[in-house]
Amino acid sequence: MNGKIALEEHFATEETLMDSAGFVPDKDWPELRSRLLDIQDRRVRLMDEHGIETMILSLNAPAVQAIADSTRANETARRANDFLAEQVAKQPTRFRGFAALPMQDPELAARELERCVKELGFVGALVNGFSQDNRSAVPLYYDMAQYWPFWETVQALDVPFYLHPRNPLPSDARIYDGHAWLLGPTWAFGQETAVHALRLMGSGLFDKYPALKIILGHMGEGLPYSMWRIDHRNAWIKTTPKYPAKRKIVDYFNENFYLTTSGNFRTQTLIDAILEIGADRILFSTDWPFENIDHAADWFENTSISEADRKKIGWGNAQNLFKLNR
């Protein structure tokens, strides 16, 4: 299947490269390093070999989100975004860009997103989970009141916001003590991101800004399979709603969220996601360079779904969501 659009596809700059070093054994680091730093060569050859027309590129994790000084976070984000814009300009039919944002300061983040969309031609933002800020005693999650003006900007710009995982801080990760194998993409990434997404849904954010579009990777970070139970238990005792939002959690999930297949190449999982959120809200992705492009493409092209859904997920939904001309 040619013409696929992939949208959780990472790169690194020399400045952010080492943030990815801990995700593979030392012996595999040279390979991952090479993959992260390459954009124009091997990546494009693999795209050609496996029918990927366009990649939407994003900075590796946690990068900007782990820089506790907001001024330095902003400077790092701007350098990464300028570098990405230069790379996209070399092959604008093959690459598009997601903005990295200094979410430590909502006003700076809104300004940088506006710059990236209006001046650099980016199609949205990808943010690596919560942000650290040396002015705050707690991690910053984006349902907090100080972020609502930022979300107003996102809605006004009419671009998607990809909420990408990161590990919890050590102070919040005691449950993983002695079980480091559960950290990262094995489990902790999904759990951390799912809770963050639920915070957004329950906060009332989507009542105030109903046109927001949030993307979750890895087939929804486990959320599609929990929607019924979340709403069922919240409604079990007939009292005032336990969260500020006006509607059921599943309503926001189905109306404000999109999912990608990044790093979750399992047919049963895809079918379950289709049954929960619908094929119109699922998009193909690979999670390169942390997953292999051939694994993602070979699975997707042979998975047991209808050809109509394969076209939607493979490229049609992304074309519509990002307003891409083909």
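Just so it is clear, glycine is given a Cβ too, placed from its N, Cα and C backbone atoms.
Quick look at what Swiss-Prot annotates:
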- E8, H10, H164, D287: Mn(2+) binding site (BINDING)
- D287: active site (ACT_SITE)
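On its own chain, H10 (Mn(2+) binding site) has L36, L57, S58, L59, N60, A61, D287, W288, P289, F290 as residues at least 6 apart in sequence with a Cβ closer than 8 Å to its own Cβ. Sparsest Cβ environment among the binding-site residues E8, D287 (other Cβ atoms counted within 10 Å): D287. Sequence-ordered, the extra residues of this chain that approach the Mn(2+) site, with Cβ no more than 8 Å from the Cβ center of E8, H10, H164, D287, are E9, S58, A61, L126, G217, S262, G263, S285, W288, F290.
Sequence-distant neighbours of H164 (Mn(2+) binding site): residues of the same chain at least 6 apart with a C-beta under 8 Å from its C-beta are E8, S58, A61, L126, V127, N128, G129, T193, G217.
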